[in-house]
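Enquirer: I have a structure I would like to understand better, so I am pasting it below and will then ask my questions one at a time.
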Amino acid sequence: MSDTIHVLNGPNLNLLGTREPGIYGAATLADVEALCRTTAAQHGLELVFRQSNHEGDLVDWIQAAAGSVGVVLNAGAYTHTSVALRDAIAGTGVPAVEVHLSNVFAREPFRHHSYLSPVVRGVICGFGPQSYVLGITALATTRPARP
C-alpha cells in the first residue's frame, strides 16, 4: 500500500473564497490544500491534491488512487448526480471518505441524496475546511497495519 492520500475536488470548488461565502466560507481552495498538506504530513503521508470541473477527470483520479491509503472526495454537485463516480469507488475498492464544506442536509432537498454515500467508508459534512482534516485523519488512523 502506498503512503499516499488523494484529496479530490469536483466542480466549482476552484471558486472557493468567492462563491457564496455565506455557505462555503472565505477559505480558498489553496487554503484548503495547505491545511490538507499539513494534516497529511502529521500522519506521515504524501498528499495528492486535485480539482476538476470534469467528471471523467475525477473518475480517472479515483482509479489511479487504487492501492493508496485512500481518497477524500468532495465531488460537489456530482455527489447528487454521478453514477460514474460511485462506480469508480466501488470498482476500485479504494477506501474513500465523502466530504462537504457545508451541511448538505440543512440545504435544498436535492442535496440530501448522495450516490457516493453507499460506497464510501464515511461522510463528513458541515465543518468547513475541517471536514477535509477529519476525512484525512479518519483514513490515516483506520488503515490496515503494514506487514
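FYI, residue positions are counted from 1 along the chain as it appears here.
Even glycines carry a Cβ here, placed using N, Cα and C.
Among the features that Swiss-Prot reports, site 'Transition state stabilizer' is placed at ARG19, with the record citing sequence analysis. Feature annotation from Swiss-Prot assigns active site, proton acceptor to TYR24. Feature annotation from Swiss-Prot assigns substrate binding site to ASN74, HIS80, ASP87, LEU101, SER102, ARG111; the stated evidence is sequence analysis. Under the heading active site, proton donor, Swiss-Prot lists HIS100.
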Enquirer: Around ARG19 (site 'Transition state stabilizer'), which residues of its chain at least 6 apart sit with Cβ under 8 Å of its Cβ?
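Expert: Sequence-distant Cβ neighbours: ASN12.
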Enquirer: At the Cα level, what's the spacing in Å between ASP87 (substrate binding site) and HIS100 (active site, proton donor), rounded?
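Expert: The Cα atom of ASP87 (substrate binding site) is 20 Å away from the Cα atom of HIS100 (active site, proton donor).
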Enquirer: Indicate whether HIS80 (substrate binding site) is helix, strand or coil by DSSP.
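Expert: DSSP assigns HIS80 (substrate binding site) to helix.
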Enquirer: If you run the three-state DSSP split on ASP87 (substrate binding site), which class comes out?
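Expert: Going by the DSSP assignment, ASP87 (substrate binding site) falls within a helical segment, counted as helix.
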Enquirer: Fewest other C-beta atoms within 10 angstroms of its own C-beta: which of the recorded positions HIS80, HIS100 fits that?
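Expert: Selected from the recorded positions HIS80, HIS100 on minimum Cβ neighbours within 10 Å: HIS80.
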Enquirer: Say we define neighbours as other CB atoms within 10 Å of the CB. Which of the binding-site residues ASN74, SER102 has the fewest?
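Expert: Counting other Cβ atoms within 10 Å of each of the binding-site residues ASN74, SER102 gives the minimum at SER102.
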Enquirer: Among the binding-site residues listed here, ASP87, LEU101, which has the most company in the form of other Cβ atoms within 10 Å of its Cβ?
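Expert: That would be LEU101, with the most Cβ atoms nearby.
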Enquirer: Cα of ASN74 (substrate binding site) to Cα of HIS100 (active site, proton donor): how many Å, rounded?
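Expert: Roughly 6 Å, rounded to the nearest whole number.
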